[in-house]
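K.L.:
TrEMBL lists these features:
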- 243: active site (ACT_SITE)
- 277: active site (ACT_SITE)
- 220, 221, 222, 223, 224, 225: NAD(+) binding site (BINDING)
- 9-459: domain 'Aldehyde dehydrogenase' (DOMAIN)
- 1-25: region 'Disordered' (REGION)
Ligand SMILES: NC(=O)C1=CN([C@@H]2O[C@H](COP(=O)(O)OP(=O)(O)OC[C@H]3O[C@@H](n4cnc5c(N)ncnc54)[C@H](O)[C@@H]3O)[C@@H](O)[C@H]2O)C=CC1
Ligand SMILES: O=C(O)CCC(=O)N[C@@H](CCC(=O)O)C(=O)O
């Protein structure tokens with residue numbers, strides 16, 4: 001049973017699908033994709049449930065969402081293990097993913113009140129009241145790298161605002177999605193409030209193009225996000241929130257504690273095997289003895305990173321990439337950069353054929369004249385040596401993306417200078433550029449987003465404002481407008 005439509009589990013009527021443990025090829029899940037008729041049924045179920053869900057009121061909806069939080073708390077280990085098996089991420093890391101999901105409930109309730117709540121202003125003859133209403137039926141599309149936390153970051157605020165949801169997860173992580181929705185079901189949510197359609201691109205297209213949805217909240221690649229943006233062209237009445245990738249820069253300038261800098265670089269570039277949209281892809285280090293010393297230490301530290309299956313003990317820092325295909329794609333990217341003139345300082349290698357297990361790579365691309373502005377979504381960091389800070393900032397900004405950026409530097413003045421000039425939605429100082437806070441907005445500019453940031457600001461795209469002028473009784477004004485007689 002792979003699809004959850006109107007409160008019932010049923011098989012997909014489409015083609016067969018499966019998911020695998022990327023560290024050993026073991027099959028974890030199988031089922032069939034949803035057809036477009038099943039997408040129709042899910043949209044219809046969400047539509048017929050929506051008004052009653054809205055009319056529960058915020059407190060009623062929050063109670064339901066809190067019952068889901070209880071399910072997450074009770075089943076946190078099972079969920080963390082399922083995410084680890086299906087994505088390859090180590091257990092220590094997926095435990096933090098589930099913790100973030102649990103924290104999302106209180107944060108989203110606070111965000112709803114702060115950003116989209118109700119307010120009232122007294123006017124001389126009336127009250128000006130501001131309330132927010134849900135869009136209606138929304139589709140949520142998730143990526144594979146955080147298969148639970150990131151869709152959860154759309155689903156929870158969407159439901160709290162009074163929307164009903166059709167969730168289309170990544171085809172690489174159907175088992176995680178199924179478990180998430182089972183926990184919603186066990187929390188007692190009414191039929192049709194959350195629906196699950198599993199499938200690949202065809203299912204995604206059927207849902208994204210469905211005339212019955214009022215909006216789509218997407219986290220995924222820039223390529224797919226751009227396709228969706230085109231598809232939504234000509235539909236100004238539908239809301240589209242796009243959280244996409246990045247080609248994120250991290251600059252190092254004048255740091256006394258080189259070891260601490262190396263630690264922040266590794267946490268920025270290699271966490272989740274480089275499969276975070278916020279990961280540093282380009283590292284800028286000044287020419288000179290201090291830069292040389294930092295790079296020597298970085299090379300040693302990268303070579304020492306432990307890579308292994310999700311359940312290896314002691315735990316590795318990096319697990320398998322999500323699939324062998326993804327791993328081979330990264331090796332091809334490495335080869336391409338080498339052909340352009342990049343010098344590998346640490347060569348990325350597949351550790352076991354048939355798996356997504358790869359070692360981390362570091363490449364000096366300073367001499368590459370035309371560095372591709374691509375998001376290589378894996379553990380490969382490109383190093384660029386620079387002479388002047390201004391030159392580094394110009395190169396850092398030389399990307400069509402604009403998700404995260406960072407500076408490691410001892411001087412506050414250097415950060416202020418960098419902050420004023422950098423173009424990204426997340427700009428950090430002396431902190432890794434991965435691991436964003438759910439209490440802040442999360443999104444980027446350029447090809448990284450469409451100005452509808454998620455996390456704390458997700459509330460904004462889940463509801464629209466309604467302004468009302470209200471008076472308890474009718475009354476005639478003291479003076480009538482010129483030309484009126486009653
Ligand atoms: N800015 C952000 O918040 C984040 C962005 N990402 C980005 O996500 C990417 C990795 O995730 P992926 O799962 O590979 O992304 P993806 O774009 O391949 O897939 C995302 C979702 O869209 C669906 N989809 C794919 N093609 C479609 C089409 N033509 N029409 C409709 N639906 C379609 C997929 O089935 C999946 O559910 C990276 O680029 C990463 O940077 C990942 C996490 C956070
Ligand atoms: O949505 C939130 O609560 C904050 C955003 C977040 O958790 N971002 C993570 C993962 C996103 C990614 O890089 O793929 C992060 O910044 O590490």
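Glycine residues also receive a Cβ, built from the backbone N, Cα and C atoms like all the rest.
Automatic prediction, not curation, is the source of TrEMBL annotations.
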K.L.:
Measure from the Cβ of residue 222 (NAD(+) binding site) and count the other Cβ atoms within 10 Å, all protein chains considered.
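P.N.:
Total other Cβ atoms inside 10 Å, all chains included: 23.
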K.L.:
For residue 221 (NAD(+) binding site), which DSSP three-state class applies?
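P.N.:
DSSP assigns residue 221 (NAD(+) binding site) to coil.
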K.L.:
In the region 'Disordered' (1-25), how many residues does DSSP assign to helix, to strand and to coil?
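P.N.:
Helix (H, G, I), strand (E, B), coil: 0 helix, 11 strand, 14 coil.
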K.L.:
Around the NAD(+) site recorded as 220, 221, 222, 223, 224, 225, what other same-chain residues have a C-beta within 8 angstroms of the site's C-beta center?
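P.N.:
The answer, listed by sequence position, is 218, 226, 227, 228, 244, 245.
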K.L.:
Can you tell me which of 220, 224, 225, 277, our recorded positions, come within under 6 Å of ligand 2 at the Cβ?
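P.N.:
If the test is a Cβ under 6 Å from any atom of ligand 2, the answer is 277.
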K.L.:
If you count Cβ atoms within 10 Å of the Cβ of residue 277 (active site), leaving out that atom itself, what do you get?
P.N.:
29
K.L.:
Under 8 Å Cβ-Cβ from residue 225 (NAD(+) binding site), six or more apart in the same chain: what's there?
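P.N.:
Listed in sequence order, they are 218, 242, 243, 244, 450.
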K.L.:
Could you round the CA separation between residue 222 (NAD(+) binding site) and residue 277 (active site) to a whole angstrom and send it over?
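P.N.:
On Cα coordinates alone, these residues lie 10 Å apart.
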K.L.:
Measure the Cβ-based neighbour count of residue 223 (NAD(+) binding site), defined as the other Cβ atoms within 10 Å of its Cβ.
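P.N.:
Its Cβ has 11 other Cβ atoms within 10 Å.
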K.L.:
Considering every residue in the domain 'Aldehyde dehydrogenase' (9-459), what is the mean pLDDT value?
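P.N.:
Residues in the domain 'Aldehyde dehydrogenase' (9-459) carry a mean pLDDT of 98 in this prediction.
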K.L.:
Given the binding-site residues 221, 224, which one's Cβ is surrounded by the fewest other Cβ atoms within 10 Å?
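P.N.:
Sparsest of the binding-site residues 221, 224 by Cβ contacts within 10 Å: 221.
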